[in-house]
Each structure stands twice: as C-alpha cells, then as structure tokens.
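S.K.: Let me begin by handing over the structure; questions about it come next.
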Amino acid sequence: MDKIIVRGGRRLSGTVKVEGAKNAVLPVIAASLLASEGKSYIYDVPSLADVYTINEVLRLLNTEVIFNDNMIQVDASKPLLTEAPFEYVRKMRASVLVMGPLLARVGHARVALPGGCAIGSRPIDQHLKGFEAMGASVVVGNGFLEAKVEGRLRGAKIYLDFPSVGATENIMMAAVLAEGTTTIENVAKEPEIVDLANYLNAMGAKVRGAGTGTIRIDGVEKLVGAHHTIIPDRIEAGTFMIAAAITQGDVIVKGAVPEHLTALIAKMEEMGVRFEEVKDGIRVIGPERLKAIDLKTMPYPGFPTDMQSQMMALQLRAEGTSMITETVFENRYMHVEEFRRMNSDIKIEGRSAIINGPANLQGAEVSATDLRAAAALILAGLVAEGYTRVVELKHLDRGYYNFTEKLAGLGAEIERINEDTITKSSNIINVRSNLA
Ligand SMILES: CC(=O)N[C@H]1[C@@H](OP(=O)(O)OP(=O)(O)OC[C@H]2O[C@@H](n3ccc(=O)[nH]c3=O)[C@H](O)[C@@H]2O)O[C@H](CO)[C@@H](O)[C@@H]1O
Ligand SMILES: C=C(OP(=O)(O)O)C(=O)O
C-alpha cells in the first residue's frame, strides 16, 4: 500500500507547472466517439488514473486509443459497441459521459448505474431528462441504464433544474448529431464546458453559447476527428496556490489561467494572500498571518466545490472563525474527521462547516476520503508539527499527476513510499518507516 509522508515546516518556493484539466479531458475523450471518420488528436493530456479508465472504456466500445507523451490519438471509425460495465463506472462516474455520444451515433447505450459515492448521492436524472426530451426511451434494470432511439435523436428545448456539469456535457454530445436544433437552458458555465464545445466545433459540430446560461446546438449529419489541446487544470492550479499560501511561500504556478480562478483568488486575497500575474501563470505570496473568511461553494463562476477541502486547510490556519457552506454536494465533508485527527476545531451544522482557527496542526495518520480531500490533507501536513501520513492514495491518483514530486520540487519535505517494498529501500526510507 502506498503512503505519503510529509513533515511540516518548509516554506515553498519556485515554479510548478500544471497539467491539462482532468475534468476537461474526460468529456473530450468521450466526445471522440462521435467521429465516424478520421482520427482525433488530443494534446496536453494528463497521465491520471481517470484518463486510463476512460481510455479503457473507449477500447471496450471498439475504439482504438493510443496514449503517448501527453497525447491521445483516438480512432472511432469502426462500428461501436454500446455497453459500459460497472467495473469502470464504479471507478469513475465520468464513464456515464459515453452515453450521449453513443446514443447520438448508434442510437443505443447501456451503462452501469454509477451508485453512490463519498461526496454525495449524485443522481443523473438531468442527463436522462435531456435524452428523453430528444426522443430516447430510457429504462433502468439489472443495475444498468439503457437508452435507445429509433433513427436519429430530435432537437428539443431542455431546461436543467440545476446547472449540472455532466448533464450539460452529455446532452451537448447527444445533440450535436440530432435532427434540428437543441436549446439547453440553465446550463453549467464551467471552462471545461467551453473546452468541450470548442472540440465539438472543431469536429464539425455547431454549438453556440458555451460559457453562458443557454447553449444552442444545430445538429449535423456527421462529425470527423479533430486536433484539440486541453485547457490547464484550474483545480490543480488552485491546489498549488493554497500550498504556497499555507506555507508562507512564494510560488509561480505556471499554466494557471487567472480568469478561470476568479472566485478562488478573490477569497484568498480576502485572507491576505498576494497574487501577481506573470508570463504564463500566477505568482502567489503567502502572508505571515491569514484572516478568517466565509465562503459558499456554487456552480461556476462561483467558488468551486472541488477547492472546498483544500480551502478548509487554509482556513484552519487563519486567525478567527471561518465558515464554509457547501451547496453543490450534500456530503462533501468527509475530510473533516481527518482534519480533527490533526488537532483542528471544526463543527458541522447542516450544510455549513464552522472552522475555529488558527489550528496548531499536528501530524497524524489520516485517510483520504476522496480526491480533493487527499490533496487537502497533504496541504495541512505541509504546516503540521511533525509527520503526517496519508493513506488511500488511489483517490489522489485519479486527479493529481506527480503531486509528491511537484511539492518536493518546491522544497516540501515529502515522500511517497510503498510499504511492501520499504524494507529493501534506503536508510532514509527505513527511518521514515519507523515513523510510518
Ligand atoms: C468529471 C467532472 O467534470 N467532475 C466534476 C463535475 O461532476 P458532475 O458533472 O458529476 O457534477 P454535477 O455538476 O452534475 O453535479 C452537481 C450537483 O447536481 C446534482 N445532479 C447532477 C446531475 C443530475 O442529473 N442530477 C443532479 O441532481 C449532483 O448530485 C450534485 O449535487 O462537476 C462537479 C461540480 O462542479 C465537480 O465537483 C466534479 O469534479
Ligand atoms: C469530484 C471530482 O471528480 P469526479 O466528478 O470525477 O468524481 C473532482 O474532480 O473533485
């Protein structure tokens, strides 16, 4: 079992480069299923467990996928198969994003029901409502969702009850090959939606309005492979911004796009963190003392739920009482119990977390409860007294590439070890293993 060991106390400095965005590349790879002719070439693809999972799903659907040097080549020109099994959907919910493209291209998709997960129940009713409005019939049985349509999907007017990122993407991908025009209202406005629309348009689709509250899609007869570069990962960038701030460091986060990070930068500035726009990135300077603040997670351009747990680590170090209200997922506070093990004072009241700072964080053995919680615990470990040991790294590997190496490159005292091989390793690691 892998474990990350971090010893608190180092100020981070230097430059760190972010990867292409996980949440942009997954729908883009799924959208490649729509190209009945030609190959797609996707650049700046991060080497993440989730990318390997979606590639496997595409291969199961009879698509050729080659992943080399941050570039993916997809050939979806052969007849497609239509079933995504539970084994993959369980590992990664974004596997449901193959449903829209399959329905659009072959009129049939059978995808295992995703089930619950650590951050909430996460239904997909809004995706299905969109498919049904376009003429598909949807049945649920034996742990699968099955959607079918005779002939082509038909353009429709669809209103989302909540601006769901996944539903916006799945419905967009279904609508690009539908007959007629589809209008989707109250859609998600995330930069990843805009990235997907740009890719679909490069494939020959007619998508307008991505990044606003209404998307209009004129269906076309066919799509072809295209070249596309993935946008930088704003959540990875934000995580390193907090690493700089929490350690009173001075770090350039290369690749960070300030316009994608407006809410996070504003809240960190309120806490006393300084930012400078530099060539290709953002410089972050952590203050000696952090001020307490309140925040609420919201759909983009609001404060991202995917930065909530990392921000909580920063708020733990602020002087005074801070509050977080999580409005996107009903159960995204699993990390609070782990933070408590590190000597922090946090109360949960309904959807809010009340954080009394500054915490005198102490190193402890903690378990990552989801992807962003894994990063947040490591961030807290950067300023905790002594050693923090983080387990359940499968969550971290879903979304952060070389996280340990990147933090070590900024001067953090951090190491990833494999307990099974530890006895054969160097003295330093053996010393650490006594602590582990
Ligand atoms: C791969 C990917 O891009 N994942 C991101 C995506 O997830 P994902 O696309 O799953 O998130 P959604 O925006 O769909 O979910 C937001 C909220 O809407 C609810 N909902 C969603 C769909 C639906 O049909 N019915 C429904 O009720 C969900 O339960 C949740 O409470 O956006 C989330 C919100 O920014 C991020 O945390 C995830 O990192
Ligand atoms: C919740 C996340 O991802 P997913 O939707 O893939 O679970 C995330 O990236 O923080």
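Note: Cβ is positioned from N, Cα and C throughout, glycine not excepted.
Sharing the feature lines straight out of TrEMBL:
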DOMAIN    6-407  domain 'Enolpyruvate transferase'
BINDING   LYS22, ASN23  phosphoenolpyruvate binding site
BINDING   ARG93, ARG122, PRO123, ILE124, ASP125, GLN126, ASP306, VAL328  UDP-N-acetyl-alpha-D-glucosamine binding site
ACT_SITE  CYS117  active site, proton donor
MOD_RES   CYS117  2-(S-cysteinyl)pyruvic acid O-phosphothioketal
S.K.: Quick test of your reading of the structure: among the recorded positions CYS117, ARG122, ILE124, GLN126, ASP306, VAL328, whose CB sits under 6 A from ligand 2?
M.R.: ASP306
S.K.: Of LYS22, PRO123, GLN126, ASP306, VAL328, which binding-site residues come close to ligand 1, meaning Cβ under 6 Å from one of its atoms?
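M.R.: PRO123, GLN126, ASP306, VAL328, in sequence order.
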S.K.: Which value in Å gives the longest Cα to Cα span across the UDP-N-acetyl-alpha-D-glucosamine site residues ARG93, ARG122, PRO123, ILE124, ASP125, GLN126, ASP306, VAL328 as recorded?
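M.R.: Overall maximum Cα spacing for these binding residues reaches 22 Å.
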S.K.: Under 8 Å between C-beta atoms and at least six apart in sequence, can you list the same-chain neighbours of PRO123 (UDP-N-acetyl-alpha-D-glucosamine binding site), or say none if there are none?
M.R.: none
S.K.: Given the binding-site residues ASN23, GLN126, which one's Cβ is surrounded by the fewest other Cβ atoms within 10 Å?
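M.R.: Least crowded of the binding-site residues ASN23, GLN126, by Cβ count within 10 Å, is GLN126.
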S.K.: Give me the CA-CA distance between CYS117 (active site, proton donor) and ASP306 (UDP-N-acetyl-alpha-D-glucosamine binding site), in Å, as a whole number.
M.R.: 15
S.K.: So, in DSSP terms, is the residue listed as 'active site, proton donor' helix, strand, or coil?
M.R.: strand
S.K.: Across all the protein chains here, work out how many other Cβ atoms are within 10 Å of the Cβ of LYS22 (phosphoenolpyruvate binding site).
M.R.: 25
S.K.: Given the recorded positions CYS117, ILE124, which one's Cβ is surrounded by the fewest other Cβ atoms within 10 Å?
M.R.: CYS117
S.K.: Return only the integer: C-alpha distance in Å from ILE124 (UDP-N-acetyl-alpha-D-glucosamine binding site) to LYS22 (phosphoenolpyruvate binding site).
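M.R.: A Cα-Cα distance of 20 Å.
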S.K.: I'd like to know which of the binding-site residues ASP125, ASP306 has the most other Cβ atoms within 10 Å of its Cβ.
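M.R.: Its Cβ has the most other Cβ atoms within 10 Å: ASP306.
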S.K.: Check the domain 'Enolpyruvate transferase' (6-407) for me and report the mean pLDDT.
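M.R.: On average, pLDDT over the domain 'Enolpyruvate transferase' (6-407) sits at 97.
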